[in-house]
Amino acid sequence: MVKAGKKVKGASKVRENETEEEKKIRLEMEALAADEAERKAQEAARVALRERQLREQRYAHLNGIKIHNQWRKIMRMAKVEELRREIEILSQNHEREVDRKDAIMQMLDRDLEEAEEQYSLAVRSHMLVVDNLLDLQYQRMRALEAEFAADLKALEDEFETERTEIVNAHTRQRKDMGDMIAAMEGEFADAEAELRQEYEAQREEIKNRNSEEYNVLKIQLEGIIEELEKSFELAHRAYLESTEHRTNTFRTLTKDDAKAALKIERQMRKLVRLQEALQHWRTKIATNGREWEERNRALRNEKEIMARHYAKLKSSMDAFRAGQAERLKQLSLASSGAMETLRGKLAVAENVLKLAELARKYETEQEKVLPFWNPAQAVPSGEQGDEEAAAQAEAEAAALEPSAAELGELGLRASMPEDSSKEAPGPSKSSAGPGKPKFSSYGLDPSSGSEVDEWDYLNCFFRRYNKALLDKTAIDKEKSRLERENADLRSILKQYLDGISVNDDVLNNPVNPLLVVNNRLQITLTERNKARAAAMAQRAAAATGAGLSVTGQGAGGGGQKQLVEVQVVSRVS
């Protein structure tokens, strides 16, 4: 833009006197000057902005380094706190395991001492038995050695007798065999001499007869051979004289025929090769034409298929992007709720761990060794508890277990995303089989390491809870029994004091023990006291059986609760 400046005096006169061309030149110069000034201003602004940008980049780089350092410090402190908490949890677990192992070692030491005592007793009894067996074996060996010596003596005598008889028989048989061999050798030599003489005489006779026949046949064959040679020579000369010209002609024609046949064979081979090559190329051209036509058709079909697949894939990708965006929105909305739920569960878990650590101080030695109590193992065979206490404890445990299971299931469902809840709408699907989805990761059995079903996750917790509930029920029953027994004892003591003291209350009491009417009042009171004592003894025995069935093991665990039986024998004089 052209900036307006102050008007110069006399400029109007100059402008009035200037021509159109000068005016045009002046306006162009003013426009160029304005453009140059504007360009300089823009360049200065650009340089200032670039310097400001570089300065901001340096500041941002330095601030980023500071922020990263500060963030590293914060993360390091958070990580240190997290590691401290983990170390504290690990140390608590380690202490718990150490206590449990110490208790196990003490129990094993006691078992080892008992086993060593049993072993020493068994060794002593075994050595006594072995000594008795050795004595018996030595006696048996001496008897067997004597029997063996007697048998050996008898066998040696029998052997010598049989050996003498066998040697004598062998000598006699050997002498007889020598005589028989000498007689047979003499007879064989005489027969061999006679046969050899007969063989030589027959051999000489046959040799003379064969030589005479050979000479006669040789003379006859020589005459026949000479006559045949003469006749063959005459026939051969006559044949050669008659067939010499035809033989020469035949040889010449044979050579010409061989040359012509060779030439014809070469031409035929060449012609066959050309025909085969022509047929091969025709077949190859037709085959290539069909092949390339099929390839072109296949390429066109593949092009159409790829085009349709591309369109379908593009539409599916668009739909997938839209679905993923929607799922991302749902995930971002559900993540905050899940994080809040997890924080609440983490607080509950920390509270549970704190309570467990506090409760661990009050655990007995048996509970440290066997932390998860099994009611089937705790109740010994042949003992029965109080039926009312057992029924009440089972009813309370059955009422509490479903509620706790439902709460745990609801908590697990709340921590799951909506997709997972849609896939597993009910607890029946989650526990139907191994292929069904589950609310949480697998739980493992601490003893065998096998997978635990989802419905059995809180089994160990309910074991300890039921044990504590049964202990509490037994203690309440024992407390009520002791209160009733205390009241009965107070009543008996009051009656006894009333019977031995004289005061206004006793005299004003309608049932006065000092008053005897026909000697029946004291008898009635005595029978009543005996019946009350029998009822108290029966209740005490029932409460004792219930306590033993609940606590189990009796004196085996050093920290088990001991039930106290109080027996009071009141005698009214």
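Quick reminder: no glycine exception, Cβ is built from N, Cα and C everywhere.
Predicted, not measured: the structure shown is a model, and the values here were computed from it.
Considering R96, R246, the record held by Swiss-Prot lists R96, annotated as asymmetric dimethylarginine. Note on Swiss-Prot: of 1-22, 287-308, the range annotated with the feature region 'Disordered' is 1-22. Taking R85, R110, R142 one by one, Swiss-Prot attaches asymmetric dimethylarginine to R142. Summarised as a single figure, the pLDDT of the coiled coil (470-501) averages 87. Of the listed modified residues, namely R96, R142, the sparsest CB environment within 10 A is found at R142. If you take the Cα of R96 (asymmetric dimethylarginine) and the Cα of R142 (asymmetric dimethylarginine), they are about 66 angstrom apart, rounded to a whole number.
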